[in-house]
């Protein structure tokens, strides 16, 4: 090799090194920014689910309305999913992802904004407009032939200035913010994964995607943790004297500082968007080369654009025709259609259950929102991660065929269904509440909670029957207010107040001293507490069983269609699940739960607000009964699917080299190899 050749090699090598270094730096920056955006995405999702009960109480709305708020995320997603799917790969993907993160952050902040424009939270209709006056002097006690309340201002004066809180539909801003979250989140996953798949070193994309989803688990961990911390804080922290607040986090009227979580999540999302705006569309091209390509001769560019106009029009028409033909192909595939409806039923059950499971634990077992957050964060994340990893390992280790994968999915979901049925045995009895489950004297049960007549122990007290200021008697019975308990006097202040000479509490034969009652609902009985611990174990087993089959279920979605239709099959499945599962499931679950309410709050405009206490048995039977119907229907479709797959594939010597995939290479009946497993990991 002569001297000139050595000089040329010396010039080329530094140039190639600079390009490689630029590519590595740009790709690593993209990967780091995408990890932060995935964390933010998961964080905000968990915060919304764990704050459902807080939002319901704060805005005084029903469960079905808060279900609509939760489903608005999917509505926003549907607005742009087609645009992102079709045009996303052709545009500047990093900048599009950055824009999505920024919009997602704005949506989270918009969710929190109503807190700053509403009045102070009034957990009782007897609280003055001045938060520092949340004293016990406003509590109603039995005052015969006198005004209803001691030192109480008239309802019209008390309510003045609060119409904005309870009657102006401020919750619509939360709905709009959640919809913005859905719009902003749409491009993050599909464009981020496709960018990694396009520009990662050959054979490394599965590794990067695995790390990405592993790191994304930090989001739910943070979400459950901060959700628990913020739900312990009073909603108006920093604005009111907390020593004047007489309710505790276990009270059905308690609202935590839910807005703090969304402010934090929104800021993290906005911060995660910044790096994307400084990343190249193609990390292979350094900045100088991109500028040089922009400054290339304009004449050649104009000629090429004119020449391509006709070709683009033809290609667009062909692509539209091809799209409808491909869509017809998957929708006339019986196996795909059965799998689609089967997973729709399953996921609808999961979405509805997870949306209201925090509320269920609070109402059924008397746990606070903070305790419910910590509980589900600690059991769901490790259990689901372990189950998904184990399920993927079983498929790879035993080299299951597609029929074998379907059987594995059926077995695991049938096992999860059995664990789910055990929840019916863990439903607690209704609380003993005078005027709802018992007569006001606490002696006899009532057939219905509607219009229970007053007893002689409180009929002369002129009580407001719509009030909910629960007190607990020494007899273990909860009374809806000190007045309805027939209490004549009180001592102490704030949370430690005790009411005395309660005529309704003395009739039961459990006389102690001067028949006193304490502020707050009576705790659940010991038997219900024991059921709660069994419930935790059942949830762990159910989550594990469900997660074991999740990998197999995902593979059934795209392995039952021709390889070239795989992306369309997954995309159409996602669209269907969001439209028919993610949006309506929280609404009809919430509507059914509302039917179990025994005591509604009444806002200052006299309208129905949020539920204060539920019929425990009806709530449990409705909540689990609806999930059971969906899960059982899905299991029936599993049997139909496996039967149809056996008929189609049994006895056929199928290979990947058969023409046209021969019914999806006869669904890859040969054992799945490492590539198939890697493809599954990419989809996850």
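Residue numbers in this text run from 1 along the chain shown.
Including glycine, each Cβ sits where the backbone N, Cα and C put it.
Those TrEMBL annotations? Automatic predictions, nothing curated.
Per TrEMBL, the stretch carrying the note transmembrane segment among 623-645, 646-668 is 623-645. Ranges compared are 155-179, 180-204, 255-279, and TrEMBL records transmembrane segment for 255-279. Touching of the transmembrane segment (214-235) and the transmembrane segment (29-47) is concluded from the presence of at least three CB pairs under 8 A, sequence neighbours closer than 6 excluded. Among the stretches 68-89, 95-117, 335-354, 374-395, 532-558, the one making the largest number of Cβ pairs under 8 Å with the transmembrane segment (623-645) is 335-354. Spatially, the transmembrane segment (68-89) is adjacent to the transmembrane segment (570-591); three or more Cβ-Cβ distances between them are under 8 Å for residues at least 6 apart in sequence. Within the domain 'Kazal-like' (451-506), the DSSP-based counts of helix, strand and coil residues read 7 helix, 11 strand, 38 coil. Most Cβ pairs under 8 A with the transmembrane segment (532-558) among the ranges 255-279, 374-395, 570-591 are made by 374-395. Ranking 95-117, 335-354, 374-395, 570-591 by CB pairs under 8 A with the transmembrane segment (255-279) puts 95-117 at the top.
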